[in-house]
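What TrEMBL says about this one:
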type	residues	note
TRANSMEM	28-61	transmembrane segment
TRANSMEM	67-88	transmembrane segment
TRANSMEM	95-113	transmembrane segment
TRANSMEM	119-137	transmembrane segment
TRANSMEM	158-179	transmembrane segment
TRANSMEM	199-218	transmembrane segment
TRANSMEM	259-278	transmembrane segment
TRANSMEM	290-314	transmembrane segment
TRANSMEM	326-344	transmembrane segment
TRANSMEM	350-375	transmembrane segment
TRANSMEM	387-409	transmembrane segment
TRANSMEM	415-437	transmembrane segment
Amino acid sequence: MSINGDIKVLITYSNESILVIKTCSWRWLILALYSITAFSNTLVWLSLFTITDIICAFYQIDQEIFLWSSNAFTLMQVFLAVPASLLPSRVGLRCTMVLASSVNAIGAIFLIGGTNRNGFPYFVTGQTIIAIAASILPQLAPEVSAVWFSEHEQAISTSLGVILGNAGAAVGFLQPALLLKNVNPVTDIIFINKKIKQLVYSQAALCCFLFLLIMIFFKDKPKNPPSRSEAKRIAADKLTINMLKEQYKVLFKDKNYHLCGNSYALNSVLLIAIPVFVNEIISWKFQNQYIAIGWLGFGGILIGILGSVVFGIILDKTQAYKKISIFLATASLLFWVAFTESLVQYNSIVITFTLFIISTFFFIPFGPMLVALIAEITYPISESSSYVFPITLGRFYSIPFVFYCGWLVKGKKVHIVCLSIAFLLLICLILIVFVKVEQKRKKADRSQTVISTLET
């Protein structure tokens with residue numbers, strides 16, 4: 001039964017103690033603060049990489065050096081992600097978010113020093129600091145969901161946390177495209193310098209403002225646990241290095257975890273690679289369409305967010321993890337192949353862009369569905385611990401794949417790039433087909449005795 005829109009349940013254990021299970025209305029603010037902070041991190045990291053040709057001309061560096069710097073940040077996140085997964089258990093969600101948002105703000109401030117033509121070292125330093133925050137923030141999405149949301153809201157809250165964080169990529173596409181439209185990288189350096197300053201200063205202001213909001217409003221956890229599974233987890237000891245080792249021993253022996261984890265990792269590779277190369281992919285057929293491509297990326301992410309909300313709600317109602325994941329993987333593959341062939345065979349920008357947008361409606365929600373599935377089959381292992389391996393693996397896979405796609409783009413072999421992306425989508429589908437789903441968290445949510453529901 002509901003009390004002011006929230007649910008309150010009394011649970012009796014064998015020792016006669018009573019625990020109150022109740023969702024807190026503050027949870028949506030917590031999710032919003034987390035999501036917008038993750039959004040800002042993705043935005044600051046990605047925005048300058050979407051206009052590679054302009055930035056390389058501005059800094060007077062070779063494109064390969066710029067690409068190497070991107071992969072260096074990704075590699076650093078690989079090494080930091082696992083130790084960072086200890087933070088929520090050791091110091092709590094609030095301290096973890098304060099740390100991540102402060103590091104994110106410091107990195108954005110350092111980028112201000114990179115707004116001059118000789119500022120590439122400041123750019124690298126700022127991006128390195130931002131990469132530290134990026135090793136902490138993404139894996140917190142399922143943790144925030146588990147700590148603050150009931151079992152009937154965990155899929156949708158996880159989807160929103162993951163996808164709104166990735167929505168920074170949408171604005172990362174659009175903002176540079178609008179600020180730097182119709183520019184010549186050789187003759188318009190003064191104009192480019194002015195616009196880069198506007199871009200970097202606005203992003204730094206956003207990151208600093210979010211740090212202040214986190215300091216003021218972000219809470220560690222609700223007064224009462226929102227679900228039975230979270231109540232059980234609260235009673236467990238804080239995570240230590242030895243406990244983390246034991247958790248990973250369990251995870252690495254789980255075949256289904258490996259299948260889900262690798263499927264998610266390959267999906268995240270594409271979430272990294274497609275934003276980096278979509279400009280070159282579309283420009284291969286439709287030249288000088290920077291603004292249109294920016295809107296394409298922006299629209300694709302927004303449609304992906306809509307898809308994540310829709311399928312998150314469906315998942316919360318049906319709990320059909322495997323069926324929904326297979327459907328999304330299949331639809332993603334089919335529409336991406338259609339987009340690829342329309343790009344190659346036809347000269348219609350409307351058809352090509354429409355197929356790209358439709359593919360993102362299915363492709364982007366696929367990742368959050370897998371995150372929810374991983375949390376379900378690995379319970380009672382903490383969500384940040386089980387999620388960090390797929391994230392890390394995805395970043396590790398992305399390094400050779402980005403170089404491979406960069407080599408193909410340089411050789412004008414864009415069709416092969418698109419087919420390579422389709423091949424990874426096919427592997428994602430095959431992996432998820434063989435997963436056997438055991439809903440461990442759902443069983444835990446039903447394992448105790450429910451006594452009463454009304455607060456007087």
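Glycine is treated like the rest: Cβ placed from N, Cα and C.
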Legend entry - Stretch among 119-137, 158-179, 199-218, 350-375, 387-409 sharing the most Cβ pairs under 8 Å with the transmembrane segment (290-314): 158-179
Inset, instruction - Would you kindly check 158-179, 199-218, 259-278, 350-375 and say which stretch has the most C-beta pairs under 8 angstroms to the transmembrane segment (326-344)? - result: 350-375
Inset, instruction - For the transmembrane segment (119-137), could you work out the same-chain residues 6 or more beyond its ends whose Cβ comes under 8 Å from its Cβ atoms? - result: 34, 37-38, 41-42, 44-45, 48, 59, 61, 69, 72-74, 76-77, 80-81, 84, 87, 96, 99-101, 103-104, 106-113, 165
Inset, instruction - Go through 28-61, 67-88, 259-278, 350-375, 415-437 and flag the stretch with the largest number of C-beta pairs under 8 Å relative to the transmembrane segment (95-113). - result: 28-61
Legend entry - Listed stretch, out of 28-61, 67-88, 199-218, 259-278, 350-375, that has the most CB pairs under 8 angstroms to the transmembrane segment (415-437): 259-278
Inset, instruction - Count the CB pairs under 8 A between the transmembrane segment (199-218) and each of 28-61, 67-88, 259-278, then give me the winner. - result: 28-61
Legend entry - Other parts of the chain folded back onto the transmembrane segment (28-61), taken as Cβ under 8 Å at six or more residues beyond its ends: 67, 70, 73, 97, 100-101, 104, 107-108, 111, 117, 119-120, 123, 127, 130-131, 133-134, 137-138, 140-141, 144-145, 148-149, 157, 160-161, 164-169, 171-173, 175-177, 180, 183, 185-186, 189, 192-193, 196, 199, 203, 206-207, 210, 213-214, 217-219, 275-276, 279, 290, 294, 297
Legend entry - Residue numbers, six or more beyond the limits of the transmembrane segment (67-88), whose CB comes under 8 Å of its CB atoms: 45, 49, 52, 95-96, 99, 124, 127-128, 130-132, 134-136, 139-140, 143, 239, 241, 244, 272, 276, 382, 384-385, 387-389, 391-392, 395-396, 398-399, 402-403, 406
